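Enquirer: Below is one structure. I have some questions about it.
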Amino acid sequence: MQMYVEVKWDWGSTSFLEETRRVATMSVLVQRPTTIPNGPGIPENAPEHCPGPESELAGKSDACAGCANQEICASSKPKGPDPALQFIKERMSLVKRKILVLSGKGGVGKSTFTAQLGWAFATDENLQTGIMDVDICGPSIPTILGIANEQIHASSTGWSPVYVQDNLAAMSVGFMLPSSKDAVMWRGPKKNGLISQFLKDVDWGELDWLVVDTPPGTSDEHLSIVQYLKESGIDGAVVITTPQEVAIQDVRREIDFCRKVGIKVLGVVENMAGFVCPGCKTESQIFKPTTGGAKKLAEEMGIELLGSVPLDPRIGKSADYGVSFLDEYPDSPATKAYMDIIQRLRDKLD
């Protein structure tokens, strides 16, 4: 028997998983929330811009003025370790490989590469692959994978990711928004809380690959994913760039971030590296590598250039329609470049 109920979202008290365990049903349908939930540890009566009890500004910021919890948050009482870390460690013990897809610059093709990487891994029916989208303010993975209209389900074992196919699943805040037009206006604590729940409450099961799509920069989401996966271990990061210096200068900072937090950089991928005309086969440089492009960057930073992917307008079309570019256009030079890069990653990690 299958029963559907509306779940009350209350992230300030018990966890979602604890609530669902009290529901004696085979499956529970999680309704899309109409209000933005608070992160773990943030009281229900907290002000809108609460920095969170774990923040250095707890009880001290302007938003704390008049809050009933201000004195408690501002106290110097030492805080214990995050209780979520143990649950995350247990969940992630079933995941063999964890890869981050990073870039200091937005619009360079991180999410597109993440999706192609997931689809490529899933071509092996014996492998289970998961994609976790922690780009909370700009979740595009649901659209690229063709599952934008799906909803999250849960059972007594936790949230179930949305399945693209039998061996490829995804989780994203995009599944939780009332509509694709709704902006996510969250400060750090709420972002951190959601990432924590993606790791500890999502029933990923046994995975061969977990690919994490991140937003641009080196901020809250990046620090959170590194902190939460510290004990479980991150196998490495793939850094995405485009040829022009305006992108590469930010990618240098991303590589520096990886080194400071102890993440191994598996290599750099150069997207939009030239355009091959489908008619005459002539290659043109749309974004000229004025300072040497990704090749020069890799040499400077002492990392491997995994490969360069040429522009193909059908990549964008495939992303809009939610289909695998690799499957739809196997003869494209971009497909060959993708597959060579993915094979190199497999060789490095296997």
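One-based numbering along the chain as shown.
Every residue, even glycine, has its Cβ placed from backbone N, Cα and C.
Heads up, TrEMBL stuff is auto-annotated, nobody curated it.
For reference, TrEMBL lists these features for the protein:
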type: BINDING; residues: Cys50, Cys64, Cys67, Cys73; note: [4Fe-4S] cluster 1 binding site
type: BINDING; residues: Gly104, Lys105, Gly106, Gly107, Val108, Gly109, Lys110, Ser111; note: ATP binding site
type: BINDING; residues: Cys277, Cys280; note: [4Fe-4S] cluster 2 binding site
Enquirer: Based on Cα distances to Cys64 ([4Fe-4S] cluster 1 binding site), point out the closest of the binding-site residues Lys105, Gly107, Cys277.
Expert: Lys105
Enquirer: Just name the most isolated of the binding-site residues Val108, Cys277, going by other Cβ atoms within 10 Å of its Cβ.
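Expert: Least crowded of the binding-site residues Val108, Cys277, by Cβ count within 10 Å, is Cys277.
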Enquirer: Which one of these binding-site residues, Cys50, Cys64, Cys67, Cys73, Cys280, has the sparsest Cβ neighbourhood, judged by other Cβ atoms within 10 angstroms?
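Expert: Among the binding-site residues Cys50, Cys64, Cys67, Cys73, Cys280, the lowest count of other Cβ atoms within 10 Å belongs to Cys280.
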Enquirer: When the Cα-Cα distance from Cys50 ([4Fe-4S] cluster 1 binding site) is computed for each of the binding-site residues Lys105, Gly107, Val108, which gives the smallest value?
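Expert: Nearest candidate: Lys105.
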Enquirer: Around the recorded ATP site, report the further residues of that chain (criterion: Cβ within 8 Å of the mean position of the Cβ atoms of Gly104, Lys105, Gly106, Gly107, Val108, Gly109, Lys110, Ser111; site residues excluded), sequence-ordered.
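Expert: Close Cβ neighbours, site residues excluded: Ser103, Pro216, Ile240, Thr242, Ala247.
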Enquirer: For Lys110 (ATP binding site), which of the binding-site residues Cys67, Cys73, Cys277 has the nearest Cα in space?
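Expert: Closest by Cα: Cys277.
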Enquirer: Taking only the Cα atoms, work out how far Val108 (ATP binding site) lies from Cys277 ([4Fe-4S] cluster 2 binding site), in Å, as a whole number.
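Expert: Here the two Cα atoms are 21 Å apart.
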Enquirer: Across all protein chains in the structure, which of the binding-site residues Gly106, Gly107, Gly109 has the highest Cβ count within 10 Å?
Expert: Gly109
Enquirer: Relative to the Cα of Gly107 (ATP binding site), which of the binding-site residues Cys67, Cys73, Cys277, Cys280 has the closest Cα?
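Expert: Closest recorded candidate to Gly107 (ATP binding site) by Cα: Cys277.
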Enquirer: Measure from the Cβ of Ser111 (ATP binding site) and count the other Cβ atoms within 10 Å, all protein chains considered.
Expert: 24
Enquirer: Please report the Cα separation of Gly106 (ATP binding site) and Cys280 ([4Fe-4S] cluster 2 binding site) in Å, rounded to an integer.
Expert: 32
Enquirer: Of the binding-site residues Cys67, Cys73, Cys277, Cys280, which one has its Cα closest to the Cα of Ser111 (ATP binding site)?
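Expert: Closest recorded candidate to Ser111 (ATP binding site) by Cα: Cys277.
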